[in-house]
Amino acid sequence: MVMGNNVEMDIKKLLTPLVKMKNANISMSIKFGEEEEEEWEPMGPTPMPKIPTLRHWDFKLLERYPPFYMPICDLCCLCTFGKCDLSRGKKGACGLNIKAQQARIVLIACCIGAACHAGHSRHLVHHLIETLGRDYPIDLGNEIEVEAPIARTVTGIKPKTLGDLEKILDYCEEQITHLLSAAHTGQEGDYLDFESKALHAGMIDDLAREAGDLAQIVAYNMPKGDEDAPLIELGFGCIDKSKPVILCIGHNVVPGSYILEYLEENSMEDEVEVCGICCTAIDITRVSDKPKVVGPLSRQLMFVRSGVADVVIVDEQCIRTDILEEVLKTGAVLIATNEKMCLGLEDVSHMDEDEIIGYLLRNRAALLLDEKKVGKVAVEVAKIVAKERKDRKTLPDLNEVVELAKQCTECGWCNRNCPNAFKVKEAMALAKQGNFKGFIDLYKRCYGCGRCEAICPRNLPIVSMTTKVGEAYYKDLKFKMRAGRGPIKDVEIRSVGAPIVFGDIPGVVALVGCSNHPNGEEEVAMIAKEFLERKYIVVATGCAAMAIGMWKDKDGKTLYEKYPGEFRAGGLVNCGSCLSNCHITGAAIKIANIFAKVPLRGNYAEVADYILNKVGAVGVAWGAMSQKAAAIATGVNRWGIPVILGPHGAKYRRLYLSNGEKFKVKDKKTGEILEIEPAPEHLIVTAENVKECICMIPKLCMRPNDTPKGRANKIYHYVDVYEKYFGRMPPDLEKFVRTEKDIPFMMKDKIMAYLEEKGWKPLEKYPQDPTILY
């Protein structure tokens, strides 16, 4: 029997001679192996949307939040007509102008990001179907009935098995193909249609991530919305160097899971140290609480250079492309485990495990695509290599740091090439005198990109020098991070739905993204701390979730130890890895469905319209750097959720900014078209520094649906943070005070005095049930 095949035939061939039918020529189609889709909810208008299907919704958003372009290059070099200069109104040989070219590059970035997550999810689902079967159930327990809110809304599919996730990924891959084809020379020519396609790519990215995370949650028995998920050890200082150390870098949990399985089966969990960097670190700690998290990707080069790891396992995404060179310098062994990162290595997958171990001990690196073999190979190699490297020195000692610093000519190229313009030259000048104050400061804030080294005319190992000083002076690099809990439970949504929609909970702040921070990880923790204290709900994923854990209060406690892991006011929720960003969007969708009874199935625009107008949530990608982050942010934007980027986010080339004037909405209760406050004011915007970011958050959590009490709550926080960080009232406060009822009682006198100075007038009317779908 072949699944999904159609059989067509002439029914006359089936008739016996006893049956007389004149001109009977009937075609019939018989479907094998596919069950009828369960009618769990009436199908909405847009299941499996194609590129143009939601274009009307995109254009509604783009009319209110037109793209603002910041070209970092005026040239187009994508075809052999070029390179074409698009500055000063010029067109390229194909006819594109600079606006369309910038939008095209944004689309390409979003397609790369979406393809990355779709490829990751496809690998997971394919591997898990191979090992567990296509009928393996998707069961998140009794407390989660809406298990796949994005899939339900976008595709109309309610996935019940791993096999159902294949259908979702088939759709994702089809859409990515069409989207990427639109970026070819001589295809799309309008910047707004490029943006609509970028928004579509972002939505596909969101959907692909949900498929991948659902698969790994059910297959590896990861936490299923557990607010009391275990606290995991985090930081350089928690790694036990007396044991063989295996370091996993990347995003794919499969190789790491086999290492943990081999250790458990052979009762060696306490003999070998397993740790991780980036999202693989988060996901292996969702499988078991034994592994440890070194930190976000900003700590990758420093930790590898430290020489602690005996075996380095790389899978996919956000891995330094020179990782092989860096690992071999330390005498460690590298195993590449994913087809997306082969690093020019010999494929040893066909060998048996003992042969592979021998090969690695001789050659120090190999490509091993059979993940089932990674467990034994990594552990046994680590045990041997750890003995070989026991006394190996990989970093200069402090005296050598001084001698190296003396070679510095203080030319200043390091400062100029640093993405954050850190004072590397000044740290060198102090180190010449044996004063490491500059390097101590650098260690806390440095991203570890290595650009200072790349441009140094004396070839000084600046990152290694910084790492050594950090190791010597920071003895307590031990933190705690709550393991990624996955989705938000339905009962939590029922508890917070009304307070969020009406504004009594002032907002949901989602801290996500990479670690290209302008000033170190602590700024992410400071943002989280500020809004936890103000009883916002704070959710986190990926590198941001790790960064939040890398700060302690005066009592030595991290934010994860101080605040509960529940999705409630004052709760700090670590959803998990990059894939787990889907649960943040999913929570907003579930508010629309569980609280407001908005149907999900194939009903994207209505759900997104509800979120835009009623769910006070904002994403903060303070260290966003990758194409994946671009796709994540753009996907969130299509749902109607605003995003704040760090200062490096301007390099994505495009923001969605309103003009700050009044918006128009329709009140569904009266049918009137009303002019209202600009809420939320922008859809994606950058902040120059952390103070500016903190002050943007309360403003971007405002929604037209806020009750007077809820809006007063949000205005209180907006005014309070502005006075705290800038010592004055917000310069645009008058835009967001609709009537006197919106003014918090304890601030009424000073706010009224300010409004009188501004010539403020109350809105005559504001909507009870706002929508932009008219």
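Any Cβ shown, glycine's included, is placed from N, Cα and C.
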Which of these, C275, C279, C342, does Swiss-Prot list as part of the [Ni-4Fe-4S] cluster site with H251, C318, C514, C543, C578?
C279
Which of C411, C418 shares the [4Fe-4S] cluster 4 site with C446, C449, C452 per Swiss-Prot?
C418
Can you list the residues of the same chain, besides H251, C279, C318, C514, C543, C578, whose Cβ falls within 8 Å of the [Ni-4Fe-4S] cluster site's Cβ centroid?
C278, P296, L297, Q317, G542, S577, S626, K628
C408 ([4Fe-4S] cluster 3 binding site): secondary structure state under DSSP, collapsed to three categories:
coil
Measuring CA to CA, name the entry from the binding-site residues H117, C318, C411, C578 that ends up nearest C94 ([4Fe-4S] cluster 2 binding site).
H117
Report the residues of the chain - excluding C418, C446, C449, C452 - with C-beta within 8 Å of the mean position of the site's C-beta atoms, for the recorded [4Fe-4S] cluster 4 site, in sequence order.
C414, N417, P419, N420, F422, V424, Y447, G448, G450, R451, I462, V463
From the binding-site residues H251, C411, C414, C418, pick the residue whose C-alpha lies nearest to the C-alpha of C76 ([4Fe-4S] cluster 2 binding site).
C418
Could you count the residues of the domain '4Fe-4S ferredoxin-type 2' (436-466) that DSSP puts in helix, in strand and in coil?
19 helix, 0 strand, 12 coil
Within the domain '4Fe-4S ferredoxin-type 1' (398-427), residues counted as helix, strand or coil by DSSP:
18 helix, 0 strand, 12 coil
For C452 ([4Fe-4S] cluster 4 binding site) and C318 ([Ni-4Fe-4S] cluster binding site), determine the Cα separation and express it in whole Å.
20
Express the distance between the Cα positions of C449 ([4Fe-4S] cluster 4 binding site) and C73 ([4Fe-4S] cluster 1 binding site) as a whole number of Å.
22
